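Undergrad: Dumping what TrEMBL says about this protein:
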- 1-16: compositional bias 'Basic and acidic residues' (COMPBIAS)
- 1-20: region 'Disordered' (REGION)
- 215-643: domain 'Anoctamin transmembrane' (DOMAIN)
- 223-250: transmembrane segment (TRANSMEM)
- 256-273: transmembrane segment (TRANSMEM)
- 328-353: transmembrane segment (TRANSMEM)
- 373-391: transmembrane segment (TRANSMEM)
- 412-435: transmembrane segment (TRANSMEM)
- 521-540: transmembrane segment (TRANSMEM)
- 609-630: transmembrane segment (TRANSMEM)
Amino acid sequence: MFRRQKAQDEGEKEPLLDEGEAESLADFRPLVVLEFSSKTTPVTREWMKSKIEASKRQGGADLNAKLVVARDGEERVLLVSAPQERLLQGAEQMGLKKKYKDGSVRAFTFAERQNVEDYTESLEGMLTMSQSQYIIKVELDNIRALEAENHIPGCSHPKARLYKGKSILSRMVSCHLLEKMYPVHNPEQLKRLQHDWYHLNKPKQLIGGQPIETIRGYFGESVAMYFSFLGHYTKALLVPTVIGVLYYLFNESGRNDFVIFAVFNMIWATVFLETWKRTSSAHAYNWGTLGRKVFEEPRAGFHGKLGVNPITGRSEPVYPSWKRLLRIYCVSFPIVILCMLVAVVVMMIYFWAENIAKAKHKEENTMLTQGLVLVPSIIYSVVIILMNQAYRTLAQYLTKNENHREQSAYENYLIVKLVLFDFVNCFLCLFYIAFVMQDMNYLRQSLAILLIVQQLVGQLQETLLPYLLMRKRIKKGEKSGLDHVSKPLHEIPRSKQAEVESLMDRYEGTFDDYLELFWQFGYVFLFSAVYPMAAFWALANNIMEIRTDAFKMCRIFQRPFMEPAANIGAWQTVFEVMGFIAVMTNMALIGMSPEIQPLLEGYTTIQKVLIFVAAEHLIIFIKVVLAFAIPDMPEWVETQMGRIEYQSTQALKKQAQLHRTRWMITSAPSLDYENYNHS
């Protein structure tokens with residue numbers, strides 16, 4: 001199924017599976033693919049297959065698995081599936097929520113399966129394919145070594161030791177025995193998703209419109225939440241874009257109008273973020289992730305001495321928190337600060353080069369020297385992108401070295417590092433121009449160049465790079481004898497699907513996408529007082545971004561495992577903090593504008609500062625009032641949540657009453673009915 005082998009006699013390529021093998025896989029629907037490295041032995045692969053198929057009591061996952069042949073003729077590919085009943089039992093154990101016939105969304109239980117809205121006697125369709133794959137992934141991650149298992153069979157790797165309670169899958173990854181693990185695509189669903197997503201079939205799709213529910217059903221909540229946020233943000237940019245373009249066309253000389261525009265933008269950013277909370281709450285309720293608390297298993301890269309988890313009672317690595325804090329504050333953050341200083345030095349080099357270009361233009365004053373003045377800004381924009389990418393790799397290494405147990409903690413510390421550096425690297429030069437040089441024309445020019453060039457380079461990466469990667473994949477597949485590799489998945493025979501998906505690139509998650517929106521949000525709102533057209537360029541970029549990201553998800557990348565998400569996590573805080581910083585920067589720019597200064601004649605410097613500090617606090621007060629005035633949840637979601645809580649309370653009361661009744665019956669003294677009747 002997975003590759004064609006070279007015929008030894010005539011050099012011709014022959015089918016990987018014979019007719020008997022193909023028939024044996026006809027009723028086997030692979031959901032997840034595991035690819036072992038060439039270092040693994042048949043003993044190791046068969047042992048892993050047996051662990052996956054073993055019952056949970058025996059330390060297995062109780063799933064179905066089949067070994068098939070890889071490109072080198074070895075059985076290095078393991079296809080994993082599970083019966084629908086087993087998947088539903090896994091859904092109950094993981095606390096997945098489903099919509100019931102009474103309209104509520106609550107934790108699924110196998111005993112109540114007939115009350116679920118999408119119940120069928122065959123049990124098919126009660127779980128999306130992405131949910132089924134997520135359940136299998138969790139079960140695979142939870143395969144733990146037993147006390148008698150102290151080494152991976154058939155492996156001579158020095159780190160192949162096993163410890164009781166340790167995840168076997170993470171050990172195989174760390175020993176480079178397992179190369180890939182990914183969920184397979186559903187070609188027909190993917191075809192429909194492509195048609196509804198990145199093909200502009202409806203006018204509303206042009207400005208942020210997307211089939212979010214379909215995306216969620218196919219890729220899961222985390223990916224759907226990102227694209228919903230991107231669409232919501234794109235729609236929110238429409239109003240400041242229209243106002244900014246009108247100001248730019250008809251009131252370019254009226255800086256007092258820009259004051260109004262800046263105040264509007266600051267308040268509009270707050271409304272956008274607060275309305276997004278309502279949207280994400282509605283999504284989370286419908287998807288069953290609102291208020292869901294999940295106990296996090298240790299990350300695959302987490303290491304430490306074997307101990308006992310006080311919550312689960314299981315054996316797992318334990319790492320002292322003081323050692324982690326020591327690595328954070330004595331290693332990671334000093335390096336982060338050093339990188340920020342490097343960014344400052346690069347910024348000073350940029351100003352030095354630009355001063356030389358300006359002096360040259362002043363001396364010669366030609367068309368060539370006029371273009372030369374823009375060269376340092378363009379080069380600096382590209383350098384910022386390269387520095388961000390290089391620092392990202394360093395930040396990931398530092399955060400991994402901190403050895404966080406939970407994936408959520410790992411991501412939060414990584415976000416802090418990236419946001420700190422990107423803020424300095426992207427915006428420090430603009431702060432310097434605005435508040436040290438105090439040159440508003442220069443600030444407007446620099447902001448426009450940084451925003452446009454960085455988005456242009458980003459779009460080239462988003463469009464050209466995926467195309468080149470796809471062409472490379474097609475050529476690689478054709479050399480391996482895959483005649484169908486250039487076709488969409490729905491046109492490829494089922495027996496060839498997994499081998500084509502194996503050549504696809506891995507999707508690394510939404511992290512980089514959120515980071516890109518973060519610095520774009522900063523360019524648009526931090527200095528909106530001097531450049532109203534920033535929202536226009538951001539809107540144009542995001543319209544294209546949705547299409548290119550959709551194309552990559554459907555045609556370039558392997559299908560990612562779904563990840564439950566109730567919101568955008570720490571990124572919500574990041575955007576809100578940026579909104580407060582935008583108030584300070586815009587009020588300072590308004591106070592420095594030549595149009596405002598004549599209105600403050602007769603006031604001392606201290607009085608002027610106090611006036612604008614008071615105005616700044618007033619805007620912040622308005623932002624806080626708006627945040628409280630706009631509920632984080634729609635009323636219907638609050639009603640449904642209250643209803644579920646009430647039903648849970650009533651169920652507990654009934655259960656307690658039932659226990660009391662049973663106790664009274666079993667513990668009450670028996671009555672002598674004969675004497676009772678005689679009396």
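Positions of Cβ are set from backbone N, Cα and C atoms, glycine also.
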Undergrad: Answer yes if the transmembrane segment (609-630) and the transmembrane segment (256-273) have at least three CB pairs under 8 Å among residue pairs 6 or more apart in sequence, and no otherwise.
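TA: These two stretches do touch.
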Undergrad: What residues in the same chain, six or more past the boundaries of the transmembrane segment (521-540), come closer than 8 Å to it by Cβ-Cβ distance?
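TA: Contacts of the transmembrane segment (521-540) (Cβ under 8 Å, skipping residues fewer than 6 from its ends): 207, 233-234, 237-238, 240-241, 243-245, 247-248, 258-259, 261-262, 265-266, 269, 423, 426-427, 430, 434, 440, 443-444, 447-448, 450-452, 455, 575, 578-579, 581-582, 585-586, 589-590, 593.
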Undergrad: Do any residues of this chain, six or more beyond the ends of the transmembrane segment (223-250), have a C-beta under 8 angstroms from a C-beta of it, and if so which?
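TA: Residues 207-210, 212-213, 215-216, 257-258, 261, 264-265, 268, 271-272, 275-276, 279-280, 283, 287, 510, 513-514, 517, 521, 524, 528, 532-536, 538-539, 542-543, 545-546, 549-550, 553, 560, 562-563, 565, 567-568 contact the transmembrane segment (223-250) from elsewhere in the chain.
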